[in-house]
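Per Swiss-Prot, the features are:
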DISULFID  Cys3-Cys12  disulfide bond
DISULFID  Cys4-Cys9  disulfide bond
MOD_RES   Pro11  4-hydroxyproline
Amino acid sequence: GVCCGVSFCYPC
């Protein structure tokens with residue numbers, strides 16, 4: 001999967 005976000009990671 002791909003991570004989105006700056007200060008934390010969440011699935012796109």
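Cβ atoms are placed via backbone N, Cα and C, with glycine included.
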Exercise. Name the residues of the same chain, 6+ apart in sequence, whose Cβ is under 8 Å from the Cβ of Cys3 (disulfide bond)?
Worked result: Cys9, Tyr10, Pro11, Cys12
Problem set entry | Tertiary neighbours of Cys4 (disulfide bond) (same chain, Cβ under 8 Å, six or more apart) | Tyr10, Pro11, Cys12
Exercise. Considering the disulfide-bonded residues Cys9, Cys12, which residue's Cβ sits among the greatest number of other Cβ atoms within 10 Å?
Worked result: Cys9
